[in-house]
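Record features, source Swiss-Prot:
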REGION    14-17  region 'Interaction with host APOBEC3F'
REGION    40-44  region 'Interaction with host APOBEC3G'
REGION    54-72  region 'Interaction with host APOBEC3F and APOBEC3G'
REGION    74-79  region 'Interaction with host APOBEC3F'
REGION    75-114  region 'RNA-binding'
MOD_RES   96  phosphothreonine
MOTIF     144-153  motif 'BC-box-like motif'
REGION    151-180  region 'SOCS box-like'
REGION    151-164  region 'Multimerization'
MOD_RES   155  phosphothreonine
REGION    161-192  region 'Disordered'
COMPBIAS  176-186  compositional bias 'Basic residues'
MOD_RES   188  phosphothreonine
């Protein structure tokens, strides 16, 4: 019988970013208790040798599984040391891969308080509203003018440590164009 290949999207991520993300997940699971129902699977609990960890996030009758890998082939740059992240949405026997932005939105639908557009209606009706959104990563668009006006009145409280964002985990911070210093800056960068 020949080998059967399964292709999946794995986002290349440096190991320090993965370590930070894992510790944020564990902090909010065990200390702050904001990630209720989340399940963390260690590398030694997996049968796959390249799986570094898995985080299972229940979303109603479905779940989001964020798998971190190690020992993959290195990427284009030296610092891509074979670390990666796959994001999968599962419901019963069906599963599909999702991008980091959608993963954050799905998490935000089920977890963490939000100062959402429904707060505008409640504020107009005189009801008390939640003063802030705890999970800004779950929003990918600019709100309405009313929403922006109300949000400007209330300064968001910084959560320490921040909530774990899948989009932030997979963000490519290495391949952004570098800004060189001006004339008084580094002379090796501008050729003088």
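Positions of Cβ are set from backbone N, Cα and C atoms, glycine also.
Within the same chain, residues at least 6 positions away in sequence whose Cβ sits under 8 Å from that of residue 96 (phosphothreonine) are 88, 89.
Within the chain, the region 'Interaction with host APOBEC3F and APOBEC3G' (54-72) has long-range Cβ neighbours (under 8 A, six or more residues past its boundaries) at 10, 13, 15, 18, 21-22, 25, 35, 37-41, 43, 46, 82-91, 98, 103, 106-107, 109-111, 166, 169. According to DSSP, the secondary structure content of the region 'Interaction with host APOBEC3F and APOBEC3G' (54-72) in residues is 0 helix, 14 strand, 5 coil. Summarising model confidence by region, the region 'Interaction with host APOBEC3F' (14-17) averages a pLDDT of 80. Taken through DSSP, the region 'Interaction with host APOBEC3F' (14-17) splits into 3 helix, 0 strand, 1 coil.
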